[in-house]
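Sequence annotations record features per position, and here Swiss-Prot assigns (6S)-5,6,7,8-tetrahydrofolate binding site to LEU121, GLY125, HIS126, LEU127, SER355, PRO356, PHE357 based on sequence analysis. Sequence annotations record features per position, and here Swiss-Prot assigns N6-(pyridoxal phosphate)lysine to LYS230 based on sequence analysis. The site 'Plays an important role in substrate specificity' annotation in Swiss-Prot covers HIS229, and the record cites sequence analysis as its basis.
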Amino acid sequence: MFDKNMTIAGYDDALADAMNAEAQRQEDHIELIASENYTSPRVMEAQGSVLTNKYAEGYPNKRYYGGCEHVDVVEQLAIDRAKELFGADYANVQPHSGSQANAPVYMALLEPGDTVLGMSLAHGGHLTHGSHVSFSGKMYNAVQYGLNPETGVIDYDEVERLAKEHKPKMIIAGFSAYSQVVDWQKFREIADAVGAYLMVDMAHVAGLVAAGEYPNPVQIADVTTTTTHKTLRGPRSGLILAKSNPEIEKKLNSAIFPGAQGGPLMHVIAAKAVAFKEAMEPEFKTYAKQVKVNAKAMADVFMARGFDVVSKGTENHLFLVSFIEQGLTGKLVDAALGEAHITINKNSVPNDPMSPFVTSGIRVGTAASTTRGFTEEDSKNLASWMCDVIDSCQQASESWDEKVVADVREKVKALCAARPVYK
């Protein structure tokens, strides 16, 4: 029998110390990793609930285990809200992550060895879009498209040419590091011309889509996948959506369970249900709009300071900065900004001469900073401070100006104190 007042603190001090230190880091550092965000206390409440105890293999009202009458309600709430939020006819809320949403789509629609056409990782795609180190590149014949070198936007002519040449069974639209608006309809036309399925991975922009700040692909694609964190601000998990197609829906359900997963995580599904409800609130639309405003403001500062912003700006929550001209590595810039308590991630950029472990660029995102209340002016100031730190970096000695970094760190400290994550 458990005492409800039991805590980790006082029982496992090493773990408690690490958790408390991370909580403090999140308050004291500015989070600009594009795939991260802060969830609400309600989402965390669901994830820490007794639902974690319940096994529920199968689907609502079609379980292999008994005692599922209450978790059936939870999962159906999540399904119904996901469909309403994104205008979908079908939703599967069981995937544990974005990658585990993508993999079952491959399983449902393809056979091993089939050809898929996806965005190159080096140009902004995701590992699961055909990278040779991923299941998507190992089990399937992956062909990759990229960006137009002159415009920095998706080269739709190349997509069409590769589709006609290789006749893929599935085309993947979506990205992990692309700052412009994807023309979903253009991808649909290309897919139809070669008889391919169209899968859209909207993991990064799902929150913007939900708020009407980015085009909705759900009724255009055959299948749409997403994570539920990032701009959607829910738990770290996955989701599959689709327009009406009973045959595909049946295949997708079977590919998730029993194909790719066993029992769903009911506490996480409850957290998704909460997040979907939060995303329907008027405040969320205001948030999503501000995310874009802040990203544009930051990208403009970087360009004004002479840095190469890939695609020459942003129309969503993120942008890439290339330091090829400056001869700096993303690894060095990442470390320098980290010392200033600004968290970003190094990222490969088009025509990057460095390895993925080093890179020549960084990815900057405003989903988390906007959640904690950063304004457009805050974002401009922050970008300027970042540029100061980057300007002080010396690649030859792999160092930076400690005084500049210390000055920025103090400014970051003051801004974080004024904009707490959890009050």
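Cβ coordinates are placed from backbone N, Cα and C, and glycine is handled just like the others.
Feature annotations (Swiss-Prot) mapped to structure.
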{"residue": "LEU121", "record": "(6S)-5,6,7,8-tetrahydrofolate binding site", "DSSP (3 states)": "helix"}
{"residue": "HIS126", "record": "(6S)-5,6,7,8-tetrahydrofolate binding site", "DSSP (3 states)": "coil"}
{"residue": "HIS229", "record": "site 'Plays an important role in substrate specificity'", "DSSP (3 states)": "coil"}
{"residue": "SER355", "record": "(6S)-5,6,7,8-tetrahydrofolate binding site", "DSSP (3 states)": "coil"}
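Annotated pair HIS229 (site 'Plays an important role in substrate specificity') and PRO356 ((6S)-5,6,7,8-tetrahydrofolate binding site), C-alpha to C-alpha distance, rounded: 24 Å. In this structure, the binding-site residues under consideration are LEU121, LEU127, and the one with the smallest number of other Cβ atoms within 10 Å of its Cβ is LEU127. In this structure the C-alpha atoms belonging to HIS126 ((6S)-5,6,7,8-tetrahydrofolate binding site) and LYS230 (N6-(pyridoxal phosphate)lysine) are separated by 15 Å. Cβ-based neighbour count (10 Å, all protein chains) for PHE357 ((6S)-5,6,7,8-tetrahydrofolate binding site) stands at 10. Most buried of the binding-site residues GLY125, PRO356, judged by other Cβ atoms within 10 Å, is GLY125. The Cβ neighbour count for HIS229 (site 'Plays an important role in substrate specificity'), using a 10 Å radius over every protein chain in view, is 25. Between the two most distant C-alpha atoms of the annotated (6S)-5,6,7,8-tetrahydrofolate binders (LEU121, GLY125, HIS126, LEU127, SER355, PRO356, PHE357) there are 16 Å.
Proximity of LYS230 (N6-(pyridoxal phosphate)lysine) to non-local residues of its own chain (separation of 6 or more, Cβ distance below 8 Å) is seen for ALA34, SER35, GLU36, ASN37, ALA203, HIS204, ALA206, GLY207, ALA367, given in sequence order.
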